[in-house]
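Trainee: Pasting in a structure now, in structure tokens, and then I'll have a few things to ask.
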Amino acid sequence: MFPQSRHPTPHQAAGQPFKFTIPESLDRIKEEFQFLQAQYHSLKLECEKLASEKTEMQRHYVMYYEMSYGLNIEMHKQTEIAKRLNTICAQVIPFLSQEHQQQVAQAVERAKQVTMAELNAIIGQQQLQAQHLSHGHGPPVPLTPHPSGLQPPGIPPLGGSASLLALSSALSGQSHLAIKDDKKHHDAERHRDRESGTSNSLLVPDSLRSTDKRRNGPEFSSDIKKRKVDDKDNYDSDGDKSDDNLVVDVSNEDPSSPHASPTHSPRENGIDKNRLLKKDASGSPASTASSGSSSSLKSKEVSLHEKANTPVLKSSTPTPRSDMPTPGTSATPGLRPGLGKPPAMEPLVNQAAAGLRTPLAVPGPYPAPFGMVPHAGMNGELTSPGAAYAGLHSMSPQMSAAAAAAAAAVVAYGRSPMVGFDPPPHMRVPSIPPNLAGIPGGKPAYSFHVTADGQMQPVPFPPDALIGPGIPRHARQINTLNHGEVVCAVTISNPTRHVYTGGKGCVKVWDISHPGNKSPVSQLDCLNRDNYIRSCKLLPDGCTLIVGGEASTLSIWDLAAPTPRIKAELTSSAPACYALAISPDSKVCFSCCSDGNIAVWDLHNQTLVRQFQGHTDGASCIDISNDGTKLWTGGLDNTVRSWDLREGRQLQQHDFTSQIFSLGYCPTGEWLAVGMESSNVEVLHVNKPDKYQLHLHESCVLSLKFAYCGKWFVSTGKDNLLNAWRTPYGASIFQSKESSSVLSCDISVDDKYIVTGSGDKKATVYEVIY
């Protein structure tokens, strides 16, 4: 790793005995640190391998249990048939002649005398027949030559794993699997298995109930909270969750705190945070306030188990999650996995696809050569990754094409060909040339260019992707604002002095010009006490704040008064507002409503002047072009729409396969970034069909904001991450890990500060270092 010969330092003459110097000591420490990293990585791989083996064993257990249950049912059925036939024989025999009666009675008695030799012969014959029927899928599963193991005629013997799956499908109607898969990734997400009884006392592991659709959005209410203590382990399956609901991380919510009316729930940028991936059900008795859409929002439960640590900035290159959705899963029909699976096989196939997706490259023994892994500074800031982001993004076009083909193969098949263990690097993705597995840092590609026809290719980043004027090097946490409730909305004043944090029933104002201030300078009580603030926007003059949330009214605050006061309220027909936008001339306010409409308000006359109708479900996020002529909205109906504000009509519609939770329009034009429930970030060109697809988040992307220079943007997610990306191709500039879900974010007008709001009841202020 290091050259053997070093130039003599000023403290060590060339001819003097060897003497430790500070730089060499630091180098040695770095070597040991990287060795520990390698050990950690190998242990992590071993853990993942064991988890995969465990899952496979559970699958086989369920298959065999279904076999046993089906055989038991068939045995009882045949026994009952035999009894009824015996009764019929007993009734019919007396009508025969005496001679025939004796012959038939003897034949019946002989039929009842089945010897072990006959049983073995019958079983062997059935197995041979099944082997011919299985078309060479492997040897049949041997059955014990014992009456209790007699194979009934209705269920042929099975051959190999394919036959096991076939049997699972055949018997699925008899065994009502009540199972669920709660996957947790790395420190935040662990495999947790639960078992729930069925009407037939069938116990099966939870890892087989999940569907690929991770839509678990509960809506919180007081009666739900009362039920939670008794029923916290009895959660509905993921597939039953309302597609409209999101999850707010309220791991530290006071269990005794009051809850809101059951009509609303906290959403960030128009999204119900309760809609996010549900965590460990038994970890916390907490829940939060309610939800918003009157159309189809259901009341559910959630309990999110989070560690309440201070935000930690990662000191290594951001790495795509090992089970990340493979490229093309969002709005790329050409790469979707094939359909046509039998319904009963879907839980097993989905489980395999979720647990066995393969990364495009495999980290080597050391995460990266020395000098390529960014190290944390003395203040905990994250340094620029530099060359560590080269990876697949800087290789030759031929290699990129091969990697894209490998990605397509992973998507097409849904899982790796190796099941039950972690394959060695050279076996992970056969389509990738061997030399790609050894790229610097071993980092899989996380940014893909998608053409109009769905072709995907890893993006080769330009040399100035992470350097140049206006591109940050890292971000440093400088302040923590303890709001006391889940922070679903944040905004920064211009000039940068005050930060506004929206929580439950109030907006708190913080003076960040004096970092020592630990208390808000004022508190603006809005809506009802138990309803969450979903969005707050400052007018450019800095004297007016507009607040929306889980209520049908928007509050307009006069901040220039000696004491901030509400100077007007705007009332709409929708029960909740999920996001707000202000026109550049400050004359018009746009609100995203839970009924899918976009309300247009005249701020001077305080009247509703228009509604844009098009979203078929709640409108979750919104942004406006700098010239004030075009509006972009995202919705829970899986669409992004653009509107012409001069003509009052819809211009474009982009359809996706995932709900839209956040979006941002680049201030310099051309690019629109969209945050998905599927954990992807997609950057669309507003005039061309091609786009970029970014894969670094491990869960739902809850908020997104462009820097005012337009050269970079940030996104936050349920995975506790704050990611900074280069516009438009998504080179990762820096990454910050907080201690809970990051629900909201904002960037100051001078691009020097970032504020995030999180589920652990606080906002975090970062200074952007250039």
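Note that Cβ sites are derived from N, Cα and C of the backbone, with glycine treated the same way.
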Trainee: According to Swiss-Prot, phosphoserine sits on which of Ser284, Ser396?
Mentor: Ser284
Trainee: Which range, 5-8, 77-80, 225-228, does Swiss-Prot list as motif 'Nuclear localization signal'?
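Mentor: So the range that Swiss-Prot calls motif 'Nuclear localization signal' is 225-228.
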Trainee: According to DSSP, how is the repeat 'WD 2' (528-558) divided among helix, strand and coil residues?
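Mentor: Breakdown, helix to coil: 0 helix, 19 strand, 12 coil.
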Trainee: Please work out the helix, strand and coil residue numbers for the repeat 'WD 6' (737-767) from the DSSP assignment.
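Mentor: Summed over the repeat 'WD 6' (737-767), the classes give 0 helix, 19 strand, 12 coil.
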Trainee: Give the residue counts of the repeat 'WD 4' (614-644) per reduced DSSP state, in the order helix, strand, coil.
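Mentor: Once the DSSP states are binned, the repeat 'WD 4' (614-644) shows 0 helix, 18 strand, 13 coil.
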